[in-house]
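These notes are about the structure you will find just below.
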Amino acid sequence: MVAKTDGRYRRALVNAGLEVPTSIAVDPQLGRMFWADAGSAPKIEVSWMDGSKRRPLITEAIRHPAGLTIDYSQDHMVYWVDTKLNTIEVMKPDGSMRRSILKGEMLKHPVSLDVFESFLYWITRDTGELLRQDKFGRGVQVAVQRSLANPSSLKVYHDLRYNTSLNNPCFKNVCTHLCLLVPGGRRCACPDNTVQQTSHRSTVEVVCDAPSEHARPLPQICPCQNGGQCQEDDSGNGLQCMCLPEFSGQHCEFYSERMFGSTPGSAAAIYIPILVAILIAATVGLYFIIKKRPFGKPSLTSSQSVSFRPGTNVEFNSPDFPSNRPPTGVIPAGGGVAPLDGYSLDTLSTKNTDFSNPMYDAVQSGTTDPSMGNGSGIYEVPMDPKGSKAVSGPFTEPVSAILAPSSITHRTSPQLNLRPKELSPSSHDTGKDTQLLVEEDKSEC
């Protein structure tokens, strides 16, 4: 059947040879229409959009065809489903190159099909699901929606679904009632139960013996979006939208995410515990920092220093070095010998700071007495601050503590008569390369 969009001038295009028509698809660019019949002789047929040039396309290996759809972006390929055979198939508009895209129980008996871009969409009879998969059969199917109650048809609406740049041959309509597209042009047609006459102006134009009817008002279109429902307003002059809780606006076009059950008190109940936890963590961290780093106490590295000078004494310069020495002029009990050799009262500026080895100096000088090498003994006895001889009795409090070996037990180094080989190399050259330092050229052999 065909009619105006408001239902006027209805006309039957195909009224014979049909038993159980299940689906129809039209291709305005080609001027053809396709339909499926699931009667006793299942088939898929094609004709021009005025009902002429009818012929069958598929009559074999088909049981219950349905869900015809056309892929306008891919050479006008025609897709359909077979509910009983659990298959999705495709062919060219002339019926050639038929092949199966998907088949098997995974399809769950599809009842309707549509194609958009690179995906196939179909609904199932048994489970009421909307499924999607690649239109070339690749990948796996994805459930778009479940729990549909008795689904029967599927159609994808999108601005890019159809080619809207085509020229409409019926745009300048010269037909009195109906203008139908055919391959390469258009044809005029009359409603049912009217007499069709040829116009005296042209053999192509048709004059219908039928009354002209005024255009009927189209049903109101619900402008609500995002699941909103339309209802008449109180004045009865228009429609108003009843939006879902998370949408707002005149047509429910704005999404406003809300936290259900949220109140000002509930927000405070969330932020206050977080703030308290942060403060506790900061307090604990500060406590550990203070315990690990004792602020205000002197550092050992900054309060003590070690100085070296020629000889064997090591000086520890520290302002806080404890002093257990007796007062000046007091001789300790047990004799007049101090437990240490002595104390150096010389300032550091008058000493050479180096790491000379007195034993090595004794060997270099060729004597067995190390004290004869450079005019000083291995263990030096500090001099009196006034330039007098070595201190052996009462002494004044030094400015620094001096640690030295005991002057009673050790005074001279042991007698050394051996000289290291490195210091007296042999004067006789044997001419032998004992260390294999010279490599002979093997080519001369």
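Just so you know, glycine gets a Cβ as well, placed from its N, Cα and C.
Partner cysteine of C252, as given in TrEMBL, is C243 (from among C230, C243, disulfide bond).
Between C241 and the candidates C222, C224, TrEMBL records the disulphide bond with C224. Per DSSP, the secondary structure of the domain 'EGF-like' (218-253) breaks down as 0 helix, 10 strand, 26 coil. Looking just at the domain 'EGF-like' (218-253), the mean pLDDT is 86. Packing against the repeat 'LDL-receptor class B' (31-74) from elsewhere in the chain are residues 2, 12-14, 18-25, 80-85, 91, 93-95, 98, 110-115, 117, 122, 135, 154, 161-163, 180-185, 187, 189: each is 6 or more residues past its ends and has a CB under 8 Å from a CB in it. For the pair C224 (disulfide bond) and C252 (disulfide bond), the Cα-Cα distance reads 6 Å. Listed in sequence order, C222, P223, C224, G228, Q229, C230, Q250, H251, C252 are the same-chain residues six or more apart from C241 (disulfide bond) with CB atoms under 8 A from its CB.
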